[in-house]
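Engineer: First the structure, then my questions, so here it is.
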Amino acid sequence: DLWQFGKMILKVAGKLPFPYYGAYGCYCGWGGRGKPKDPTDRCCFVHDCC
């Protein structure tokens, strides 16, 4: 779920997930479309697919 995904981002990246990644790239945040712009955005894309 989104809560667990946020906890994982905090642990791995050491940053609060929503201020830093809430509107990042094409897939981090609400919705998503297009091609992921980098590995971080790809991780959000994969999360959206599950």
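Just so it is clear, glycine is given a Cβ too, placed from its N, Cα and C backbone atoms.
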Engineer: Given that Swiss-Prot annotates Tyr27, Gly29, Gly31 as Ca(2+)-binding, name the residue from Asp1, Asp48 that shares the site.
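Structural biologist: As annotated by Swiss-Prot, Tyr27, Gly29, Gly31 share the Ca(2+) site with Asp48, chosen from Asp1, Asp48.
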Engineer: Check for me: which candidate out of Cys43, Cys44, Cys49 does Swiss-Prot give as the disulfide partner of Cys28?
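Structural biologist: Looking through Cys43, Cys44, Cys49, the record in Swiss-Prot gives Cys44 as the partner of Cys28.
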Engineer: For the recorded Ca(2+) site formed by Tyr27, Gly29, Gly31, Asp48, which further same-chain residues have Cβ atoms within 8 Å of the site's Cβ center?
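Structural biologist: Going along the sequence, the neighbours come out as Cys26, Cys28, Trp30, Gly32, Cys44, Phe45.
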Engineer: Which chain-mates of Asp48 (Ca(2+) binding site) that are at least 6 residues away have a CB under 8 A from its CB, listed by sequence?
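Structural biologist: Non-local contacts for Asp48 (Ca(2+) binding site): Tyr27, Gly32.
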Engineer: Take the C-alpha atoms of Cys28 (disulfide bond) and His47 (active site) and report the distance between them in angstrom, rounded.
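Structural biologist: Cα-Cα distance, Cys28 (disulfide bond) to His47 (active site): 9 Å.
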Engineer: Considering the disulfide-bonded residues Cys28, Cys44, which residue's Cβ sits among the greatest number of other Cβ atoms within 10 Å?
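Structural biologist: By the 10 Å Cβ neighbour count, Cys28 comes out on top.
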